[in-house]
Every structure is written in structure tokens, then in C-alpha cells.
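K.L.:
So Swiss-Prot says this about it:
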type	residues	note
BINDING	10-39, 241-243, TYR289, ASP310	FAD binding site
TRANSMEM	11-28	transmembrane segment
Amino acid sequence: MAPSQQEKYDIVIVGAGPVGIVLSLCMSRWGYKVKHIDNRPVPTATGRADGIQPRSTEILRNLGLKRQIMAFKPAKVYDVAFWDPLPGGQGIHRTGSWPSCPRFIDTRYPFTTLVHQGKIERVFLDEIQKAGTTVERPWTIVGFKNDGLDETYPVEVQLKSIDTNVIETVRTKYLFSGEGARSFIRQQLGIQIQYKDPISYVWGVMDGVVRTNFPDIETKCTIHSDAGSIMVIPREDNMVRLYVQIASSDDPDFDPRKTATAEDVQATARKILQPYWVEWDRVEWYSVYPIGQGISEKYTLDERVFMGGDACHTHSPKAGQGMNTAFHDALNMAWKLHAVESGLAKRSILSTYETERKDIAETLLSFDNKYAALFSKRRPTAGEVGEASHTTAAAGGEEDEFVKTFKSSCEFTSGYGVAYKPNVFTWDATHPAQSPLFDVPGVRLTPGRAFTPTTVTRLADSNHVHLEQEIPANGAFRIFIFAGKQDKTSKAITDLAANLEKERSFLSVYRRADIADVSFFENHLPHSKLFSICLVYAGEKNQIDVDSIPKILRDYHHHLYADNIPDVRVPQATYAAHEKLGFDVEKGGVVVTRPDSHVACTVQLSEGSGTVDALNAFFGSFATKPLGQDSQQSRL
């Protein structure tokens, strides 16, 4: 069939696991034509990933999905208990506990949400359907090539119905593999997985309903005993997940292909939990897997065919990072494709998908390797330790290292440790192309990290709102203007507004084509579909003169706020949001966040054109059109 006769798509997504469904939802909602297939006849029914970390919960809320997932009444894990062997082979005892999301991590969701992957998929699939895309099942990919025969849709993809063997050939701008560890697309590209270490541990995982007198069965636990190791994960519907060590490279007869029956794992669990007992009412799901940490050499070869999720990185599931990392992969991919296809960004920016996400995966694997080794390594038996075990030093020293690693890793495992390095989208004060305005004295935000949660009062309706959630995940860059005290910054705000209205400002150059028809009730994108603005004043609502706010900012009538809500993290502050983020209320400041809510840059709020000049310089570094005055020196 000639390319002109083939059905054309903006993107073809293969696989409907975590990375595929997030990417599919974003691209479908943002107006793209998506072809999405999965080789399974039905979505995940049981098992697989089940832990949503705090930062991922924040992302789900920004996607408008948190409420649906919480409707499943998932387990919420606020802390982790550590259990270790008693001396003399007398069983196990609790040696301590630690918050799963310690207070130094600023989050609204200081817990891990536990609900099985199938229920999470169900929520996404319903929303994908509402956005106009259907996941076609069971279909698989049998071939593809970037032949360039169609300049706009350069990739030809061959898909096959598993039920009927019918072959369908389509063309697409992009092809994305969310197929998992056995990715056909990765294999066809000849991209290898680099394994950090040979398989060292084999684990069994079992979901079921249990009866037990073990006191922490509803708490996440790491348990080391003379008989082996277990991790306990509470689940929804009175279930519990047990990860049970089956084999270790420390065993004289270690076999990485070793397997075990569900009954074998139950017997091992009973031994490990002594002196407590455990019995199973039912087993919902059971699997055996080896641990092998690996990462793909490349995430793309041509920036037309991409991969994400387990197709790119494999690791042990006990730190609960697989699904969460996939969410981040997908969101990163989605907003960058949108930036290019909307006409905002040059195609060259797509290279940052691999550099950013592979760097995070490397960090994950480094952490996971250490965490898995500490968790999986067998304790010395009571007989081996002998009388020395009475001091607990022999066993306790190793646990100290495990607990230390766990505590130091909390920020990373929560998702808030993700920090993208400086690049075209992430500018700090050291960026070579900068003006001094990118260095905001006292600011506490770090470019590359997630925007800090803050609570403010929305002027339109006096609602107390979470500022970081006020702009939904719509693919737009977010510009937060912390305007300080209105009487101190009125000229700076007037000048900023006047410069935003100039013909060559980023907001004007990328103005909506349908701006004359935009409804008064368009809360988020009244001027451009690529930028959204929020304005926060330090003061009480009744002290803020809305009429004196320039019209271009007043058009964001649902994005005008008063900074008047106390925050326990800055208890002495009169204006908590400004104080928490490090903005002087006499001067104010501006924060740009990327569409994934990671901080892109911070800019001083200055009189004249300087602030908008700086913003034009930032956006102009990747924009497809020239921004700003030719001299970049204009002043009002």
C-alpha cells in the first residue's frame, strides 16, 4: 500500500502498562491522534506493580485521577517497620520503624498508596476512552521502519491482530515502546540492556488474604531472620503482599533459575515469621522472579522511535519504583512531544528525553542495587554467630547499614529526589546564556526539582487552594509570579504586563489562533495554549486591589491569589508562600515550571523590561520562532 493510502497517526504506542497508559492519556487529551495497542486480551487482573509513591500521587492529582484511584480504598503506608533475629534462634523482634516519607520531604501525601496495577490501569483506560482513544487488544507489533517516504509521518508500522492474524500497516510521526522488559522494538533496533550485576537473588511474590498474629501485618515491614528475608506490603481488600527470598548467590548451590511453588513460599514464610504464625485464606496471585538490574544503552536512535518504562530499565520491585519511574518517563515524553508538535520547540529538544530519564534510571539502579543487596543478603544463622549473637553486634552492624541506606534513600524513593541536571529546559544561576536576573537572592527553589507545595487563597472565590495543582497537566509551561506587596511592586508588575503584550514576547508570538473566541470561563489558557500564568500577592484578600492589576494578568481571573495561609514549615512567616520559596515580599520574583511541574528557572521581578527579556531568553533558547527585541535592551 502506498504511504499516501495508509492510515496516519501522531503516535503509535505499543503496550498498555504504566508508561503506555500515561503517555496515551496525555497525548489523547492534548489533541493528538493516537494508535494504542496491547498484546494482552484484557487489562491486568491481578498482581504486578502496586505502589504509588508520594510524588506520583501528586502527578495523578494533576492529571485529575487521584480521586478515582482513592475510591478503591487502597492501603496507605506511612512508615516501615524493621524486624531482625533474636539471639539464640528465638525468632524475630521489631528493632525500629521509620516514616516512609519523613518530615523533611515537603509533600501533601506522606504515604505510599498500595493498590494493584489492574485497578490503576482501569482508571486510566476509562479516561483514555473519554479522550477519544481505544486500546486495541490483543494486537502486537511485527515490524517497523523509519523509511522517510512520508516526510510528516516517516515511520511505517506493521501491526497484527493476535486473534485473526490480520496485518494492518499504518504510518506515524512517532512510535513508542511501552512493551516491558521483552521489548520487540528494542530488540529490532539492536539496543542492548546493560546489566549492572549478574542475577544474585531469586524472590517469590504472593498476594493473598492471611490470618496471623504477626502484629505488623498491616504495616510495611522488612524482616530478616535466621531462615531468610521477607518484605510485607499491605494491600487493598484485606490483602497482603509478601516478597520471600527463595535463593541467594551466597547459597552453595545457587541457581538463578531456581523456582518454587506457592506452598514452598508459604512454608518459608512461616519459618521466617516465627514465633508468629500465619495461614492463608486465599492466594490471589503468585510469581517467582530473579533480580537483575539493567538499563538500556539508548532510549532512541532517531528521535522518532522511543522507549520507556521496563523496556529501558529493570530492577527489583521492593523499593516500589518501577511503575513510578514509568509515570515520570511517560510525562517527560508527552510534554516534549507536545512542545515540538505544537510548534513551540525545535525538534532537537527531544534528545533531552533520553539524557534526563536515563540519568534518573542510572540513579535508581545504583540505589536499587545497594538496597536489594542489603535486603536480600542472608543474616548469619544463630549457630554461625554463636555466643556473639547475644551482643547483637554481628547481626546489628549489617542492619545499621540497611537502615542507614533506607533512611538516606527516602527522598529518592518518594519521587521528590528526582532532580534534572541543567539543560535547555533547566536553567540555574550558572547557565552560560543568562542575565543576572536568573539569580534570585534567597530563593529556595532548585531548577530541575519539583515545585514546592504551597497553599494560597484564590481571589475569585476565596477558596484555599494548592498552588502547585492550580494548573492541570495540560502540556503548558507554568509561570508563577510572586508579586510580593502590591504597593511595593506595582510598577514592576505594570512593566511586566506591558512587555508581555509586546509583539515579540513569548506570550504574543505563541498567542492562540482562536483568541477572539476564547470563553470568559477559560481559566488556564486565555492567551496561549502553551503558557499559563498565576499571580500571587503577599497580603489579605481584601487588601489586594484587583482593578489595578493589568488586564493581561487579570484575564487569568482564576489564577489571582492572596498569600495569607499559614504553613507549619514556616510558622513565623506572615506571608508563608513567599517565605517558604524564598521570595522577598518587597521585591517578589518569578518561577517558571515545566509542564511536568519541575522548576525550569527563577527570575527576579524587576522594573522595566528585564523580567520579560529574561523569560524571552529562556523560551527563545528552544523556541521555533524568534522572541524578544532584537537588542534585548528595551526599557519602558
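Glycine too: its Cβ is placed from the backbone N, Cα and C atoms.
Help me picture where these features are in the structure shown.
P.N.:
Shown in sequence order, ASP50, LEU114, VAL205, MET206, ASP207, VAL232, ILE233, PRO234, ARG235 are the residues of the chain, 6+ apart in sequence, with a C-beta less than 8 angstroms from the C-beta of ARG241 (FAD binding site). In the three-state DSSP reading, ARG241 (FAD binding site) counts as strand.
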K.L.:
For LEU25 (FAD binding site), which of the three DSSP-derived states applies: helix, strand, or coil?
P.N.:
helix
K.L.:
Quick check: in three-state DSSP terms, what is ASP10 (FAD binding site)?
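P.N.:
DSSP call for ASP10 (FAD binding site): strand.
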K.L.:
Using a Cβ cut-off under 8 Å and a sequence separation of 6 or more, which residues in the same chain sit near LEU25 (FAD binding site)?
P.N.:
LEU63, PHE124, GLU127, ILE128, ALA131
